[in-house]
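Visitor: Quick one: the structure is below, and I'll ask about it shortly.
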Amino acid sequence: MVERNKLWSVIADRFEQTLERPSYETFIQPARLANFDENGHTAVIEVPNKLSRDRWLNTYSQQFTTFAFETNQMLLSNIEVRIVEPVVDLFEEIDKTDNPEIARKQVLKHGNNLDPKYIFDTFVVGATNKLAHGAALAVSEGSLEYNPLLIYGGVGLGKTHLMQATGNNALKENPNQKVLYVTSEQFTNDFISAVRNGTTEKLRDEYRSADLLLVDDVQFLSGKESTQEEFFHTFNDILGHNGRIVMTSDRLPKDIPDLQDRLVSRFQWGLSVDINKPDFETRIAILLEKAEKEHIDVDRNVIEYIAKQVDSNVRELEGVFKRVSVIAKFAGNAGVTIDDATKILADLDIARKSEITIAFIQETVAKYYGLSIVDLKGKKRNKEIVMPRQIAMYLARDMTDNSLPNIGREFGGKDHTTVMHATEKIATEIEKDSALQKNINTLKQQINGE
């Protein structure tokens, strides 16, 4: 009999590795596996609101079924998703005091506020992140030199770790500071709720009195005019009283579509610094740090093998190590072998991902739609070519570790914003168009050689 909490923990880890952080924190973290029946092939997921329920029914229930089978060969045919509204105390005092200046220093309690595990001591610094690390550390110590600080880069590279470490270190330096950490989606939800409930002034008092505001994934402000308006004034107020702002994004402000020009301008006032994929030496250092922290003895050859194979991001690297640590605990004197590591990489489909090339994706898509490679990479704008081209770009982004500029170059030297538009368009269409989803699943199977 599989233990429910352990099953949910493993499946939640799989979601964390495959989803963007805002989606994971908004829809997976607050959910729980309330019940499951192996014999009846059913599972019950509890979520906090209708939005989460709809997203689970339309998107995540199928992934849950897949992960359950891959984890324990569990066949689930019925996923029930029900709403159980949480009871949440919205505000938490840092310290009970009669001093009104200290009394106003409150932390807004969201589902995921500062996580104490994210500190600078556990952030492995390398050539691809040292500038971002140095700037974040300076901000945490009170510097206004890089204000506002925007850290941008791909998924799983450590942006959120650095941001939360900034908040944790700031509170360590001065516990009386008011530090708020929030995702842009949570800021949006707070603003919408405040408008509906007539409590916008209270919301503004809380956000705009922050000494340090940390906003994760600001690219999700895209297209939200009213929220952008509110954030613009929040931004100005905080900087106006010498508060500090740190933001993360997956791209530069100028590349965020439908973002007000004045916000783009404000975001660029301070320092925008990127985090790139960790180099080989940094990947080894990350794995060694993990092994030391968890008191696990892993042979150096195995560490180097994993570091060579997993070159995409820190999150995938840590996901592999989680499984290595489980094997190490049960292996005893035998230890973890390279064969063990190879199997883990195969199970996670990481080794296969590194083998897939953009050229092979282009060849597969062109053949599937009866097009030439020249047309797929060219500039023709008729619908019969544009859609397959966008699908190929989407698959290149999804199934390889290539950056947007690299993908653009492989499609006839197109700009990275063209690739970004294509991938976002297909990602949106998939949720609405079952035929498109079926075509893409078929293409993925062909590309994976299934």
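Cβ atoms here come from the backbone N, Cα and C positions, even for glycine.
Annotated ATP binding site per TrEMBL: G156, G158, K159, T160, in sequence order. The domain 'AAA+ ATPase' annotation in TrEMBL covers 145-276. What TrEMBL lists as domain 'Chromosomal replication initiator DnaA C-terminal' is 357-426. Residues or ranges marked as region 'Domain I, interacts with DnaA modulators' in TrEMBL: 1-97.
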Visitor: Given the binding-site residues G156, G158, and counting only Cβ atoms in the protein chains shown, which has the most within 10 Å of its Cβ?
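Guide: Answer returned by the neighbour count: G158.
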Visitor: The region 'Domain I, interacts with DnaA modulators' (1-97): mean pLDDT?
Guide: 75
Visitor: Would you list, in sequence order, the residues of this chain other than G156, G158, K159, T160 that have their CB within 8 A of the centroid of the site's CB atoms, where the site is the one recorded for ATP?
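Guide: Apart from G156, G158, K159, T160, the close residues are R21, G153, V155, L157, H161, L162, T248, I275, N313, V314, R315.
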Visitor: Could you break down the residues of the region 'Domain I, interacts with DnaA modulators' (1-97) into DSSP helix, strand and coil, giving a count for each?
Guide: 46 helix, 21 strand, 30 coil
Visitor: May I have the DSSP-based helix, strand and coil counts for the residues of the domain 'Chromosomal replication initiator DnaA C-terminal' (357-426)?
Guide: 52 helix, 0 strand, 18 coil
Visitor: Find, for the listed binding-site residues K159, T160, the residue with the lowest Cβ contact count at a 10 Å cut-off, counting only other Cβ atoms.
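Guide: The binding-site residues K159, T160 were compared, and T160 has the fewest Cβ atoms within 10 Å.
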Visitor: Please state whether DSSP places G158 (ATP binding site) in a helix, a strand or coil.
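Guide: In three-state terms, G158 (ATP binding site) counts as coil.
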